[in-house]
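For reference, Swiss-Prot has these:
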| type | residues | note |
| --- | --- | --- |
| BINDING | ASN7, GLU388 | Mg(2+) binding site |
| BINDING | LYS14, HIS212, LEU213, GLY214, ASN215, GLY216, ASP286, MET287, ARG288, GLY334, ILE335, GLY336, GLU337, ASN338 | ATP binding site |
| BINDING | ARG95 | substrate binding site |
| SITE | HIS184 | site 'Transition state stabilizer' |
| SITE | ARG245 | site 'Transition state stabilizer' |
Amino acid sequence: MNVLVINSGSSSIKYQLIDMTTEKALCSGLVERIGEGMGKLTHKIKPDTDAEEKIVLEQAFANHVEGMKKVVDLITDADKGVIADKGEIYAVGHRVLLGGEEIKQSVKIDEWAKGIIRDYIPLGPLHNPANLAGIEVAEELFPHAPSVGVFDTEFHQTMPKKAYLYPLPYDLYKTLRIRRYGFHGTSHRYITKKTAEFLGKPLDELNIITCHLGNGCSMAAVKNGRCVDTTMGITPLEGLMMGTRCGDIDPALVPFLMEKKGWSGAEIDTVMNKQSGLKGICGMNDMRDIHAAREKGDEMAELAFQMFVYRIRKYIGSFAVVVGKLDAIVFTAGIGENDDLVRAAVCKDMDILGIDIDEAVNAKRSGQARHIGKPGQRVPVLVVPTNEELEIAQTTVAVLNGKN
């Protein structure tokens, strides 16, 4: 049984074809610069294995349909294909940003679901239209294969009202659905399940803090296996300092910047989403570049690093109180899985929480879930690799089998 996972962006399609009998990717890839002149398709056969083979094509893709048609050509190619024909695709799982309160769990896509995704375009103007485009492409090219929407906000639907409401006039919530939704939910859910397995603890008894740290960053407080709070809000801008996003700020800065700089709301949104965070402080948004600059004595790179770490530490303290008895703190995603310097700085001097990491163990690289704390520490610190595509594929199968 093969499931095609699609993450459709405004000018891109990220995809992965997964064999659900082995839960391994047969192929994966990225179509870029759709509708922008010369496009690019990077296709990997047997990705992340010793037998990986990469194919790179440069050609124009007028729209998402053209891009996906080329992907189909590659995956069914007589010589390099991984399946004989597209009929071998059982289902298509879609990453969807925002389903609001109406869609509380993953659903088989129908006209009602598409209508809800469309209704939330004002709150997800970049992602929801692109997600719809991906769904429509799948419906056109794979009419035999049902589509399932797996929502970024789904895992956070268990937050209590006291956590997800903003202290604004309540009528704004009722009329405009202004509330905290949270994102990266697919990753947080996958990590929560994997942590329960790793610790040998029932999911409904698990209390953890998950730290998804990449170019985009978020954390979740998980109590009894359910999300009770998260750092992102009505958009992915709230919360931690990120690669190019500012995270938490005083909202009064918006009218202040309008007055002092003459910026429009759209211009301020661009600054806060694309020119702030690590990039705004030191001009770099890749943590590897920041570490290299720190080693050379770059004070702004050091400041950006310290600010990034400080926000994470502050939220760990906050969420520890929310969760109560902690079973683990879990790091995942690009920085969380691979950057021992960030993990060490985050966990430094956290005796009050019973955290004490082993520097030598922390510095070792591994693609497996692992402990990085010293033996006997009160709260384990774990690194657990995420796999959002597999989570989407597994959820897709569960939905179609009526088990979600």
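Cβ from N, Cα, C; glycine included.
What you are looking at is a predicted structure, and each value in this text was computed from that prediction instead of being measured.
If you take the Cα of ARG245 (site 'Transition state stabilizer') and the Cα of ASN215 (ATP binding site), they are about 9 angstrom apart, rounded to a whole number. Non-local contacts of LEU213 (ATP binding site) by the CB criterion (under 8 A, 6+ apart in sequence, same chain) comprise LEU240, ILE312, PHE331, THR332, ALA333, GLY334, ILE335, GLY336, ASP339, VAL342. Secondary structure from DSSP puts ARG288 (ATP binding site) in a helix. The Cβ of ASP286 (ATP binding site) has 14 neighbouring Cβ atoms from other residues within 10 Å, across all protein chains displayed. The number of other CB atoms found within 10 A of the CB of GLU337 (ATP binding site), across every protein chain shown, is 19. Counting only residues at least six positions away in the same chain, the Cβ atoms of MET242, GLY243, THR244, ASN285, GLY334 sit under 8 Å from the Cβ of ASN215 (ATP binding site). LYS14 (ATP binding site) sits 12 Å from GLU388 (Mg(2+) binding site), counting Cα to Cα.
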